[in-house]
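Since the structure comes first, as structure tokens, the remarks are kept for the end.
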Amino acid sequence: MHRHHRMVAVSAVGAAFALGLTACAPGSGSTPPAEESPAGEVSTDVDELGDVTLSVWDQEVRGGQNEQIEQLNAAFMEEHPNITIERNSQAFDDLATTLRLAITDDDAPDVVQANNGRNTMGAFVEAGQLRPLDDYADAYGWFDRYSPSILQYSTYSEDATEFGEGNLYGLPQVGEVVGVFYSKSKLEGLGLDVPKDWAAFEEALQAAKDAGETPMLLGNIEKWPALHVFGPLQGSLVDAEEITDLGLGNPGASWTTPENEEAAAHMQGWVEDGYFNDGVNGTDYDAAWQSLAAGDGVFLIGGSWLAADLEDAMGDDVGFFVPAKEDGTKATTGGTGLPFAITSASENPDAAAAYIDFLTSDDAMDVLAETGNLPVNDTAEHAPDSGVQADVFATFGEVTESGAVLPYLDYATPTFADTLGQALQDLIDGRVTPAEFTETLEADYSDFTAGG
Amino acid sequence: MTDTVAIVTGRRARRPPARVTRRRWLPYAYLAPALLLYGLFLLVPLGRAAQFSLYEWDGLGASTFVGLDNYAAVFQSAQLREAFAHALVLIVFFAVLPLALGLVLAALLTRARVRGLGFFRTIVFLPQVIAMVVIAVTWRQIYAPEGPLNTALRAIGLDSLARAWLGDYDWALPAVGLIGTWVSTGLVTVLLMAGMARIPREQYEAARLDGAGAVREFLAITLPSVRGEITVALTLTIVAALKTFDLVYVTTSGGPGTSTTVPSYEVYRLAFTIGEVGAAAAVGIVLTVIVFLINAVVNVIGERR
């Protein structure tokens, strides 16, 4: 009897396995990408469409972000009563992990916010899951609305081997720029002006150190925050075009150059000289900027998305700048917020395109600025009169117009966020030399560009 | 429904249930609903994972059959081997240490007639009740460079020991492991206390008459009597150690560098952030096999008389 039970159990398990194994190969059951619409078929007259429900997956969850998207969604539905927006919003990290599953589903969302890099948008384009938007861009005039330097970050060749050239796959609402936040009162206390260039910045770090202050705050337990310190630093030493090729994962550049190695040496030197708080790799990202707000440091290198929170905490005491390169221009990491894209599976691309057009219109830029976001277009016009946001708007305008916006380095390859995050923790801890650091990155980059 | 059950058990008391043996399918009919659910939500996904592990697939497009290549990669990749080694280290912190602590604590709590026994039992068990994410967030604060642990160390003059625990290449893994110790100890203690409560007092009295001390009593009577509970405790805590994910995800993301990566975290990283679903499935299957093997060994040793 006992044995009999076991046999039945075993055969049941076996049957279940067989059931699993005979099911189709992974990936073959997902939605086949819809046929590309022939040119001329797109329509901008969405009121003719009848009742449409548009499913939108976004990551606009923080205070001002959520406010702007709610306002714009409401306004859009009021203007087009036949369209209902079904919003699904998740935090940045959550969206990145769930989108992969959702986008291959039979019931995929119509509009998704997909991160620019090869890991997300690149992978979706390669798998044919996103719809090229060039026909809509012509119909709505998006190529005039946006500067090419912004659009390149959501442009891929059809097979996704080229990043920055080819078809347009998405439009962002906001701009982003990485720079240096500082405490005005601390800087004044040290008797220093806002550093104009990188040499002056390093002098200020030393002066702060000599005065017994913590010169610069960094919380890098999450691995990625150090990317935003290394990016601008690399921008000060390495040619912008070289960084763009490296950052977009296009062939023809190299990590193992003297300039890149020098950038790494600077980064490590800052740790060795005691310019950072102790235990960088064990400090929370949020704890670092909160320390600046609490008056426990002078500088913090970070993205413009921190401006609103820092202003809330520090009021007029916080400022923002980007040090200039030796030639006087400014080059720093930045670009755009996550672009809105249309899935190939969407049954209502016309309505989806109208929605994206609405989200990025001139009126939308006003709403974005009013809710404390950095509008990607006409930024200077929307700048507030004072406060850290005025600094951020001015810097973004200056960098996009006369300087160079450098891509986030983790866009480069599907694994680069991981590789660079680990390598930077190793570099900060002094476990690798600057040369070994660049070799690790070169291995990932050249593997990808050779294989792609 | 209840009537039927009563009749069946009533008959069993006298002789084997004839009707049931004649209709062999009947027990399975009772089992069917549970078995169906179990199969649908556990065995089928397990089978699918085994199948995925034979493919190279990015989770989006078409897949390529690669046979056992993903498994070969699990054993060849230094980072993945490191992750499995970390999981073995965590067994010490999740299972071995709590067992040692739990035996002492349970023996003390059952023997000593302390007031408020319930209170202490609750305190010891409390970490089990709290969600792991909450625990992880809390400990992340405790281990922070300016956190309570370092503040306490500095207050007693041990400045040289203060460090960014979770950012230190040598200390991050033990720091994460000790959180596991803190969580598991309560469960192990309560399990062992239940076992120790069943030991007849006469045995202790007899031992005492023979001149045995507290240590001798513990080794000769208590320890052999809770053998079953120890097996259960080890099984549960070893499984917890090997499948740790949330703790690592929240505290260190596998860092600094790769010094706290564990297999479950690698599964997540491979499948969701890098897009190597096949490789992730292979790691998951290998982990499952290891969990089964280790626990089979524990149970064979535990049940041997």
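Each residue, glycine too, has its Cβ placed from N, Cα and C.
Those TrEMBL annotations? Automatic predictions, nothing curated.
Per TrEMBL, the features are as follows:
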type: TRANSMEM; residues: B:25-47; note: transmembrane segment
type: TRANSMEM; residues: B:83-107; note: transmembrane segment
type: DOMAIN; residues: B:84-298; note: domain 'ABC transmembrane type-1'
type: TRANSMEM; residues: B:119-139; note: transmembrane segment
type: TRANSMEM; residues: B:171-194; note: transmembrane segment
type: TRANSMEM; residues: B:230-250; note: transmembrane segment
type: TRANSMEM; residues: B:270-298; note: transmembrane segment
Among the ranges B:83-107, B:119-139, B:270-298, the one whose Cβ pairs under 8 Å to the transmembrane segment (B:171-194) are most numerous: B:83-107
The transmembrane segment (B:230-250) versus listed stretches B:83-107, B:119-139, B:270-298: most Cβ pairs under 8 Å: B:83-107
Range from B:25-47, B:119-139, B:270-298 with the greatest count of C-beta pairs under 8 A to the transmembrane segment (B:83-107): B:270-298
